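Below is one structure, written out as structure tokens, with a few remarks after it.
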Amino acid sequence: MASDGHLAAPLLDGGGGVDDAALLRRLYVGHFLARWGARMWEFSVGLYMIRIWPGSLLLTAVYGVVEASAVAALGPIVGAVVDRLAYLQVLRLWLLLQGASFVAAGVSVTALLVYGARLAAAGFPAFVALVVVTNVSGALAALSTLAGTILIEREWVVVIAGGQPAAVLTGINSVIRRIDLSCKLLAPVLSGFFISFVSMEASAAALAAWNLAAVWVQYWLFVSVYAGFPALSETSQISRRRADDDEAAAAAQPQKVERLWMTMLPCWESWAVYARQEVVLPGVALAFLYFTVLSFGTLMTATLDWEGIPAYVISLARGVSAAVGIAATWVYPAAHARVSTLRAGLWSIWAQWCCLLVCVASVWAGGAAPLASAWMLMGGVAASRLGLWMFDLAVMQLMQDGVPESDRCVVGGVQNSLQSMFDLLTYVMGIIVSDPRDFGELIVLSFFLVTCAAAMYTMHVYRVRKHLFHLDRILPKMNWIKAS
């Protein structure tokens with residue numbers, strides 16, 4: 001393998017470092033396969049549930065609550081498990097559990113789609129059992145996907161880019177996020193095509209078959225990356241020894257009441273570690289952005305449909321929104337090179353805030369021109385994706401750089417748990433404010449939370465840099481303008 005010093009070349013100018021570039025491509029392909037299966041299921045499960053229980057969003061809402069609750073409650077534990085196990089152990093556990101969960105969910109959904117009506121009429125317990133299997137399998141798939149995300153995005157990427165210029169880590173992060181957003185854009189298109197022109201039952205069976213076949217390819221790709229970068233095995237061994245030492249030290253200490261209480265609450269220690277980090281404010285600010293209806297999710301899509309916007313228009317707007325998000329993965333490296341990670345995040349979050357002003361204006365435009373209001377809402381949300389995903393990349397890199405290696409997995413688990421908690425609150429608010437005519441209230445609430453997130457991040461920037469603007473550069477320019 002080429003030396004690590006050549007790693008920056010393929011990311012920055014496309015030359016040299018052929019072996020490292022090939023290994024990175026394997027990492028990207030493996031990540032693509034994992035995200036593609038997850039995004040297909042994420043899009044399709046709502047359609048499956050509506051078909052199984054026509055005329056009601058009950059099963060869809062219950063599934064969303066179960067999945068979000070599982071990640072919110074168990075996310076810190078997943079992070080702690082990833083931190084304690086060797087990289088290959090986590091890899092095997094992730095891929096095995098994710099593949100088995102998606103296969104089980106696909107099989108149970110297929111059975112519900114084919115036999116659901118008969119089961120509900122003849123044997124309701126069997127119907128409920130299949131729904132429970134689908135929900136539990138989906139929750140397990142989400143937890144295993146979280147483990148894989150922490151392993152690849154929080155650990156492997158940082159280790160691979162270790163000792164390289166900051167632009168290398170920025171480049172890898174951007175490609176990883178670009179893959180995720182591309183899957184978010186294209187996987188629903190393929191799934192929708194399959195459902196519309198073949199059948200929903202066939203799409204569920206194909207989803208199970210895809211995950212069964214893809215898991216072996218993913219394993220081979222990731223193992224080859226692990227073997228190709230010696231730093232990964234070295235870091236894994238160091239982390240494992242540190243975990244063993246911590247266990248031995250804990251066993252040698254007397255079992256005080258406080259330690260027993262901490263054992264009963266395994267998440268508490270993870271949250272305490274998270275709260276001690278220097279980057280806790282950016283992390284909480286990012287989590288606030290998940291408590292929102294200002295995205296092409298279930299609530300906003302349903303409201304647009306209620307307002308009479310055709311489904312194909314909504315899907316095109318969603319595609320434009322995803323394309324803007326993908327563009328953010330190209331813009332962010334350039335912005336990072338000019339203004340640093342911290343300032344790139346500051347400009348990004350306030351750019352998102354400015355775009356969402358159009359969405360707030362749509363609330364007051366709705367009474368006089370409902371169609372124009374809907375277009376303003378879609379346009380504002382789509383434009384805001386540039387700032388949103390640039391901010392996401394900035395916070396992710398701040399955490400990669402600012403969190404100690406020993407805490408990285410735990411912090412990643414808590415961060416995802418916190419984001420899922422706010423995502424869950426969005427579902428709760430949708431239940432409380434369920435009338436589409438009151439959707440404007442949810443828009444204003446979402447905008448308020450984005451404002452809070454921007455304020456928190458601005459406080460962090462001021463705390464670190466001791467200033468927000470270079471007044472020594474701005475004032476001379478103002479004096480020059482006044483003099484002219």
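Backbone N, Cα and C atoms are what each Cβ position is placed from, and that goes for glycine too.
Here Swiss-Prot flags 58-78, 94-114, 123-143, 189-209, 212-232, 279-299, 308-328, 346-366, 377-397, 413-433, 442-462 as transmembrane segment, drawing on sequence analysis.
Of the ranges 58-78, 123-143, 346-366, 413-433, the one with the most Cβ pairs under 8 Å to the transmembrane segment (279-299) is 413-433. By the Cβ criterion (under 8 Å, sequence separation of 6 or more), the transmembrane segment (123-143) is not in contact with the transmembrane segment (442-462), since fewer than 3 such pairs are found. Segment contact is absent for the transmembrane segment (346-366) and the transmembrane segment (189-209), given fewer than three CB pairs below 8 angstroms at sequence separation of 6 or more. For the transmembrane segment (212-232), the neighbouring stretch richest in Cβ pairs under 8 Å, chosen from 58-78, 94-114, 308-328, 413-433, 442-462, is 94-114. Highest Cβ contact count with the transmembrane segment (413-433) among the listed stretches 58-78, 189-209, 442-462 falls to 58-78 (criterion: pairs under 8 Å). Note on the transmembrane segment (442-462): residues 279, 281-282, 284-286, 288-289, 291-294, 299, 342-343, 345-346, 349-350, 352-353, 356-357, 359-360, 362-363, 377, 391, 429-430, 433, 468 of its chain, located 6 or more positions outside it, place their CB under 8 angstroms from a CB of the stretch. Long-range neighbours of the transmembrane segment (189-209) within the same chain, counting only residues 6 or more positions beyond its ends whose Cβ lies under 8 Å from a Cβ of the stretch, are 37, 40-41, 43-44, 47-48, 51, 102-103, 105-107, 109-110, 113-114, 315, 319.
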